[in-house]
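Heads up, the thing below is written out as structure tokens.
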Amino acid sequence: MFLSSCSRCVPAANKLRPLSVPRGAVGGACSCAPVHPQQAFCNADVVIRAKVVGEKEVDSGNDIYGNPIKRIRYEVKQIKMFKGPSQDIEAVFTAPVSAVCGVTLDASGKKEYLISGKAESAGSMHITLCDYIQPWDSLSTTQKKSLSQRYQMGCDCKIVRCPSLPCEISAPEECLWTDLMIEKQVYGRQANHYACVKRADGSCSWYRGVAPPKKDFLDAEDP
């Protein structure tokens with residue numbers, strides 16, 4: 001299912017629970033603009049499903065004044081890799097406090113997470129509050145399915161956040177993200193149930209559904 005001329009359309013409001021992850025308040029020097037889950041997937045080097053089974057503070061060299069740089073090292077048990085190197089991720093690093101974009105995760109091994117971030121040395125990655133990190137159980141069925149193929153299909157597209165109404169795309173490869181304007185929440189209907197997919201004519205279009213896009217959708221052209 002898709003929205004008629006898709007990227008130019010504004011879906012009807014439909015209140016849904018926003019996704020959240022316990023990671024402390026953003027403050028100090030850390031500031032992040034909202035990112036659609038698909039855009040976060042495309043921006044990331046690594047995207048995995050994993051459990052966090054250990055946590056410790058480690059030194060990561062020194063700053064320009066000679067003071068030790070502290071980081072939190074999470075030991076993780078990777079369940080599935082959606083994007084990244086061939087080697088499993090065993091360690092996830094982050095800053096020690098949220099003021100510098102550090103992420104707090106449950107290290108009891110009882111909770112599964114979707115974790116996206118930047119690749120580091122073999123078997124490790126780095127995450128910040130600006131990366132898309134969510135409890136696995138909070139993801140919609142569409143989001144879980146999209147991680148395996150559909151988000152990757154839309155990485156040549158650009159999801160543009162609508163700053164105010166009315167708004168419109170400036171290029172055919174754009175999809176308008178209107179959750180905040182229509183639903184007054186960042187992660188609403190489009191974030192939870194839609195992917196921005198490239199079609200045969202080079203334009204991009206919102207697509208809804210668990211099944212992969214059919215050929216007639218991909219071959220369609222905007223009038």
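Every residue gets a Cβ built from N, Cα and C, even glycine.
Automatic, uncurated: that is what TrEMBL annotation is.
Residues or ranges marked as disulfide bond in TrEMBL: C30-C101 (among others). Within 10 Å of the C-beta of C30 (disulfide bond) there are 18 other C-beta atoms, taking all protein chains into account.
Look at TrEMBL and you will find C30 tagged as Zn(2+) binding site. In the three-state DSSP scheme, C30 (disulfide bond) is classed as coil.
The predicted model assigns the domain 'NTR' (30-155) a mean pLDDT of 95. The domain 'NTR' annotation in TrEMBL covers 30-155.
C32 (disulfide bond) counts 11 other C-beta atoms within 10 Å of its own C-beta, drawing on all protein chains shown. The feature disulfide bond is assigned by TrEMBL to C32-C130 (among others).
The annotation disulfide bond is assigned in TrEMBL to C42-C155 (among others). DSSP gives C42 (disulfide bond) a helix state. C42 (disulfide bond): 21 other CB atoms within 10 A of its CB, across all protein chains.
A 10 Å cutoff on Cβ-Cβ distances gives N43 (site 'Involved in metalloproteinase-binding') a total of 16 other Cβ atoms nearby, all chains included. Annotated site 'Involved in metalloproteinase-binding' per TrEMBL: N43 (among others), in sequence order.
Around the Cβ of K70 (site 'Involved in metalloproteinase-binding'), the same chain contributes E57, V58, D59, S60, P96, each under 8 angstroms and 6 or more positions distant in sequence. For K70 (among others), the entry in TrEMBL reads site 'Involved in metalloproteinase-binding'.
Annotation comment: TrEMBL describes C157-C204 (among others) as disulfide bond.
Taken from TrEMBL, the feature disulfide bond applies to C162-C167 (among others).
As annotated by TrEMBL, disulfide bond applies to C175-C196 (among others). Neighbours of C175 (disulfide bond), defined as other CB atoms within 10 A of its CB across all chains, total 29.
Long-range neighbours of C167 (disulfide bond) (same chain, six or more residues apart, CB within less than 8 Å of its CB): L176, T178, M181.
A 10 Å radius around the C-alpha of C130 (disulfide bond) takes in these disulfide-bonded residues out of C30, C42, C157, in sequence order: C30. When the disulfide-bonded residues C30, C155, C204 are compared by Cα distance to C175 (disulfide bond), the shortest distance belongs to C204. Between the CA atoms of C30 (disulfide bond) and C42 (disulfide bond) there is a gap of 22 Å.
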